[in-house]
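Working notes, structure below.
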Amino acid sequence: MNDTLLTLILIVIKLGLVLGTVLTLAAYMVLAERKILGRMQMRYGPNRVGWGGMLQPLADLIKLLCKEDLIPQRADRWVFMLAPAISTITALLAFAVIPFGAPLQLFDRSLPMVICDLNIGLLYLFALSSLAVYGVALGGWASHSKYALLGGLRAMAQMISYELAMGLAIVPVVMTARSFSLTAIVEAQQSLPNMLRHPLAFFIFLVAIMAESKRTPFDMPEAENELVAGFHTEYSGMRFGMFFVGEYLNLIVLGSMLTVLFLGGWYGPLLPGICWFLIKVLGVAFFFIWVRGTMPRLRYDQLMAFGWKILVPLGLLNILVTAAWLIWRG
């Protein structure tokens, strides 16, 4: 078997394993969130379908598939149908460059634990996060509903604003690792994670990805008491389900980005690297759920002021301090 064919087979196998794992993880993350929030609110959460509610994601899938798929009469039909797919597909494509562990030795060759190890993997992730805005904005615009349109506009303004802060937060990481490759960035943290090396950048990035996820306290695009359900007000059936799955896939992507850039990736004692990676990503997801259950929603003016007046200046200051430190160190 020639090398090209073997490489292609390995890529297909890795693609299938990654997609199957992240889709299953996203489904059960919904269940975990409902269980955790139930306990925080002194409720049981879902516990009827299967042992302890373990089959609840399957029941939810069947329910969404059986619901009528309605399209508003005055909606832009094709854009309305395309928007949920954009949100889901951009989240799935992001997993192509995320390294889940150290390379394995298989068939006398090194097998990277990543579908495609790009030299510009970090730029690829940011490009996809920018494209994800279109799914939300187009979904709100195409619905021909004032509530959906306002939700879409809010989401677009929020995501663009906090993407700037997120981009500024990763500059010190790139300066330290001297590479846009996610694998190289993880390997640069073998002795010390970037969370300790760049604590201010870690704080900025953490807040920015919380805003990118559109979850409490940054859930202005879906503020129920103001906008019914925000940008997906007019969606039903599996199209609503695609937005829902896309949200949790995006949560896993953002947790993976935080793990790779600041938490040391797969590095950790005793356990295999992929186990440490999963533990860190799930820890970030639990933090997001905990914040959702305990924090109130910000006002829209507070949200935008915090992004532009606090995070962006802090990000610029952090870049200058990091550059001065690197020059002084030589």
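Backbone N, Cα and C define each Cβ position, glycine as well.
Only residues 6 or more beyond the boundaries of the transmembrane segment (5-25), in the same chain, are considered here, and those with a CB under 8 A from a CB of the stretch are 92, 95, 100, 107, 111, 114-116, 245, 249, 252. Residues annotated as transmembrane segment in Swiss-Prot, with sequence analysis given as evidence: 5-25 (among others).
Annotation source Swiss-Prot lists transmembrane segment at 78-98 (among others).
Taken from Swiss-Prot, the feature transmembrane segment applies to 120-140 (among others).
Under the heading transmembrane segment, Swiss-Prot lists 155-175 (among others).
Feature annotation from Swiss-Prot assigns transmembrane segment to 191-211 (among others). Beyond the ends of the transmembrane segment (191-211), by six or more residues, the same chain brings 158-159, 161-163, 165-166, 168-173, 176, 185, 217-218, 254, 257-258, 261-264, 267, 288, 291, 303, 306-307, 311, 314-315, 318, 322 to within a C-beta distance below 8 angstroms of the stretch.
Annotation comment: Swiss-Prot describes 243-263 (among others) as transmembrane segment, evidence class sequence analysis.
Taken from Swiss-Prot, the feature transmembrane segment applies to 271-291 (among others), supported by sequence analysis. Taking Cβ pairs closer than 8 Å, the transmembrane segment (271-291) reaches residues 29, 32-33, 36-37, 40, 100-102, 113, 210, 213, 215-217, 251-252, 254-256, 258-259, 263-265 in its own chain, all 6 or more past its ends.
Beyond its flanks by at least six residues, the transmembrane segment (308-328) meets 161-162, 164-165, 168-169, 171-172, 175-176, 198, 200-201, 204, 207-208 of its own chain at Cβ-Cβ distances under 8 Å. Look at Swiss-Prot and you will find 308-328 (among others) tagged as transmembrane segment.
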